[in-house]
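Q: Mind looking over this structure? Questions follow.
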Amino acid sequence: MAHLVSIQYGYSSELRISLTCSSKPLTSSNKPNSRLPTRGPSETRRKIPKLNLEVSPHRAVSAVRLMRIEFGGAFADLLNEKGKGSGENEMGYVERTLGFRTRDLDDKDLRLVTDIVGGTIRWRRYLDYLISSLCHDAKTFSGMEPLLLQILRIGFYEILKLEMPPHAVVHENVGLAKVALRPGAGNMVNGILRKLLLLKESNSLPSPKLEGNDRTQARALAILYSHPVWMVRRWTKHFGQDSAIELMTWNNKHPSFSLRANSAKGFTRADLEFQLKTLKVPHELSPNLSHFVRIKTGLQAVIQAGLLKEGLCSVQDESAGLVVTVLDPHPGEIILDCCAAPGGKTLFIASLMSGQGMLSALDINEGRLRILAETAKLQQVDNVITTIHADLCVYAVDTDMRFDKVLLDAPCSGLGVLSKRADLRWNRRLEDMEELKSLQDRLLDAASILVKPGGLLVYSTCSIDPDENEERVNSFLHRHPEFCIDSVNKYVPAEFVTEKGFYSSSPVKHSLDGAFAARLLRA
Ligand SMILES: C[S@@+](CC[C@H](N)C(=O)[O-])C[C@H]1O[C@@H](n2cnc3c(N)ncnc32)[C@H](O)[C@@H]1O
């Protein structure tokens with residue numbers, strides 16, 4: 001039985017900076033150390049008490065988180081994952097950005113912050129379209145201070161999408177702009193939010209017309225459904241306009257989550273159900289996977305009850321769980337997970353191996369691999385896992401090891417998981433797609449070397465883009481006639497099997513994240 005060991009392989013600096021699934025292109029506006037724009041001109045600042053009990057804490061914290069995401073390189077999902085935001089530092093950020101602290105957030109505030117930050121990011125393009133339409137000239141919008149814009153976005157989102165009592169929203173956001181910036185900023189927020197209320201009440205909100213050629217229609221849809229124009233054009237081309245609209249609608253909804261009970265710790269799905277009932281978290285059993293339970297709300301309660309910290313369960317989308325069933329791991333097998341970190345799939349694979357066999361978890365990212373190793377210990381599956389810190393392309397030519405099964409869960413655009421990763425749509429560029437495709441080809445070539453004769457290679461992504469999925473497999477099969485497609489139909493329910501025998505989950509069709517997997521058998 002192998003124990004969790006770390007092996008380190010050298011890798012080229014060129015590949016070290018290759019795109020990873022979590023990579024966020026650094027632009028001048030989101031460089032981690034770019035300075036967060038703070039308050040307005042100093043001569044207009046008033047002396048404010050450090051602890052401000054008048055400003056609503058959830059709005060102050062939301063505005064600051066939005067600034068950190070847009071200008072400080074923070075990731076929306078990471079800020080939320082920690083439960084208490086960025087913990088003790090949260091008020092530090094608030095104080096540095098706004099010039100005062102608020103009272104600490106309670107659980108209700110935290111839920112609101114999560115909702116407002118996620119929603120405001122998702123709806124950014126639509127909100128900005130309305131805000132700019134309501135400013136009295138284009139310059140007012142283009143020259144608007146970043147903090148003022150965040151406050152307006154929050155107000156618009158609260159009124160239009162959360163349907164909060166409008167007068168309270170106006171009052172509170174005006175108050176925030178006054179103390180965080182200056183009285184004039186408060187007056188501006190007041191004027192614009194009141195205009196919005198009038199237009200909303202008379203049902204005459206500005207709206208782009210869906211007419212003209214493809215490009216003009218894509219621009220209108222990009223505003224109405226708040227996505228980048230290139231994504232709208234791509235999805236309209238691949239799936240048709242109606243499906244593109246359904247997909248964007250899904251991406252803008254509150255994400256739902258599923259939990260995987262960790263059988264390796266003797267914790268069954270029935271145990272998980274019992275815990276969820278005790279915590280009063282509404283849930284339903286997954287019809288697709290026997291270890292999984294779906295929840296729409298209550299993730300915070302699960303985190304606070306310590307179920308994740310104790311390694312009893314993991315947050316894992318069913319679409320990712322189904323990739324593991326496509327691999328079909330068994331006790332005693334020799335398996336390689338090529339792009340393993342942070343380990344969602346590795347840990348599930350390991351639990352299905354019941355402590356027998358060898359699972360190598362390789363990744364180029366040492367920090368993420370460390371998280372994998374720590375979670376493996378916590379979930380008591382470390383007895384079958386060996387971590388390997390390496391570039392797959394270097395490892396594949398340096399080692400003599402050959403595996404029964406190899407999983408390549410490739411770095412990808414993440415276009416299938418936009419409902420969960422609120423900010424990802426604004427960070428991906430069309431140019432990324434080309435870079436990703438060539439990285440995926442290189443990684444597939446490397447992974448194929450490591451499959452023993454008669455063995456299995458599973459290629460997977462969390463993308464819905466044919467170029468990253470079917471096209472990559474077709475191109476691989478041209479280069480590697482020693483491999484052939486093995487249909488996934490024995491491993492996943494029929495509704496997930498494509499004509500060509502690939503696994504594909506679709507947000508629109510299955511109400512799950514989008515994912516893809518192909519089983520490729522080596523002669
Ligand atoms: C889609 S993520 C993997 C997610 C993981 N399978 C899971 O289920 O949690 C892709 C991973 O590929 C890794 N990666 C990117 N380029 C690599 C390379 N050349 N060699 C090895 N790993 C690489 C990234 O560090 C990232 O962790």
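Note that Cβ sites are derived from N, Cα and C of the backbone, with glycine treated the same way.
TrEMBL labels come from automatic prediction, so no person has curated them.
TrEMBL feature annotations, pasted as is:
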| type | residues | note |
| --- | --- | --- |
| COMPBIAS | 23-36 | compositional bias 'Polar residues' |
| REGION | 23-46 | region 'Disordered' |
| DOMAIN | 247-523 | domain 'SAM-dependent MTase RsmB/NOP-type' |
| BINDING | CYS339, ALA340, ALA341, PRO342, GLY343, GLY344, LYS345, ASP363, ASP391, ASP409 | S-adenosyl-L-methionine binding site |
| ACT_SITE | CYS462 | active site, nucleophile |
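Please go over these features one by one and say how buried each is and what sits next to it.
A: In the three-state DSSP assignment, the secondary structure recorded for LYS345 (S-adenosyl-L-methionine binding site) is helix. Long-range Cβ contacts of LYS345 (S-adenosyl-L-methionine binding site) within its own chain (separation 6+, distance under 8 Å): ALA320, VAL323, VAL324, ASP337, LEU407, ASP409.
Reduced to three states, the DSSP call for CYS462 (active site, nucleophile) is coil.
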Q: Which one, from the recorded positions CYS339, ALA341, CYS462, has the smallest tally of other C-beta atoms lying within 10 Å of its C-beta?
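A: Least crowded of the recorded positions CYS339, ALA341, CYS462, by Cβ count within 10 Å, is CYS339.
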Q: When you look at CYS339, ALA340, ALA341, PRO342, GLY343, GLY344, LYS345, ASP363, ASP391, ASP409, which the record names as binding S-adenosyl-L-methionine, what is the longest CA to CA distance in angstrom?
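A: It comes out at 19 Å between the most distant Cα atoms.
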Q: In three-state terms from DSSP, label ASP391 (S-adenosyl-L-methionine binding site) for me.
A: coil
Q: Tell me which residues of the chain lie with their Cβ under 8 angstroms from that of GLY343 (S-adenosyl-L-methionine binding site), as long as they are six or more apart in sequence?
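A: For GLY343 (S-adenosyl-L-methionine binding site), the qualifying residues are ALA361, ARG368, ILE371, LEU372, THR375, ALA376.
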Q: Using C-alpha atoms only, work out the spacing between CYS339 (S-adenosyl-L-methionine binding site) and CYS462 (active site, nucleophile) and round it to an integer in Å.
A: 13
Q: Just the number: how many Å between the Cα atoms of ASP391 (S-adenosyl-L-methionine binding site) and CYS462 (active site, nucleophile)?
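A: About 21 Å separates the two Cα atoms.
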